[in-house]
């Protein structure tokens, strides 16, 4: 690793907390509006698809469709919350408000900033995903214990999609480019990864492809927990999510370094 790259890596194990705290203090002023905005879409989908389509579909994989869907919506909510926090809020702090430039005049490195942004986005995903789980538990489609047990996977899902989105904002010149990521990456994952309907209904080639996507690993961990079943290949899914979180993190640091040096 060259000295230039090493100099932008996280300086230590705790500097990132300053970035997290800064974002939390700013978010606290608009917390209610932020939470409602993050929850409106997944809750609408949960009730609309769950009760509407559920009457037609009936039972799926041994459970009611709305219980099946609720677990998928927890994963989707974690994905979208972390993604949009990174795409829009982190991009604004980096490119529009130039907050990152000001922070770099302190003892924090670029790696500290990126790590703090990732953990902050994951924190918001925990709030969003857990809130959907609470709705499901309140309606009797999940147990309170299962929702608590799903929180670590929700947090890891948030880290994964924040890390992937961080690569996107390191390359995107403006907000306009985010629509390509949303349309070509996020939306297909929602429908291919088993969140809305079982992947067993798809052709084998699609199943193999979907199994490589990060949301599929998240769904395959969250759904068994919320339905109080054993998760198959849990270690494989956790390992895959860790790879999806770590590799884009290091890639984004290198890309941000090149961008800021222009």
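Glycine residues also receive a Cβ, built from the backbone N, Cα and C atoms like all the rest.
Feature annotation from Swiss-Prot assigns domain 'ABC transmembrane type-2' to 33-259; the stated evidence is sequence analysis.
Residues 64-66, 69-70, 73, 76-77, 80-81, 84, 124, 127-128, 131-132, 135-136, 196 of the same chain lie 6+ residues outside the transmembrane segment (37-57) yet bring a C-beta within less than 8 angstroms of a C-beta in it. Per Swiss-Prot, transmembrane segment is recorded for 37-57 (among others).
Listed by sequence, the residues of this chain that lie at least six past the ends of the transmembrane segment (64-84) yet keep a Cβ under 8 A from its Cβ atoms are 38-39, 41-42, 45-46, 49-51, 53-54, 57-58, 121-122, 124-133, 135-136, 139, 141-142, 150, 154, 157-162, 164-165, 186, 189-190, 194-196, 198, 215, 218-219, 222-223, 225-227. Positions annotated as transmembrane segment by Swiss-Prot, on the basis of sequence analysis: 64-84 (among others).
Here Swiss-Prot flags 102-122 (among others) as transmembrane segment.
Per Swiss-Prot, the feature transmembrane segment maps to 125-145 (among others). When Cβ-Cβ distances below 8 Å are used as the criterion, the transmembrane segment (125-145) is approached by residues 35, 38-39, 42-43, 46, 64, 66-67, 70-71, 73-75, 77-82, 85, 151, 154-155, 157-158, 161-162, 226-228 of the same chain, each at least six residues removed from its ends.
The transmembrane segment feature in Swiss-Prot is assigned to 149-169 (among others). Outside the transmembrane segment (149-169), and at least 6 residues removed from its termini, the chain residues within Cβ reach (under 8 Å) are 74-75, 78-79, 81-83, 85-87, 90-91, 94-95, 114, 117-119, 121-126, 129-130, 133, 177-178, 181, 214-215, 218, 221-222, 225-226, 238, 241-242, 244-246, 248-249, 251-252, 255.
Packing against the transmembrane segment (177-197) from elsewhere in the chain are residues 49, 60, 69, 72-73, 75-76, 79-80, 83, 87-88, 91, 165, 168-169, 171, 206, 209-210, 213-216, 218-220, 223: each is 6 or more residues past its ends and has a CB under 8 Å from a CB in it. Residues annotated as transmembrane segment in Swiss-Prot: 177-197 (among others).
Sequence annotations record features per position, and here Swiss-Prot assigns transmembrane segment to 236-256 (among others).
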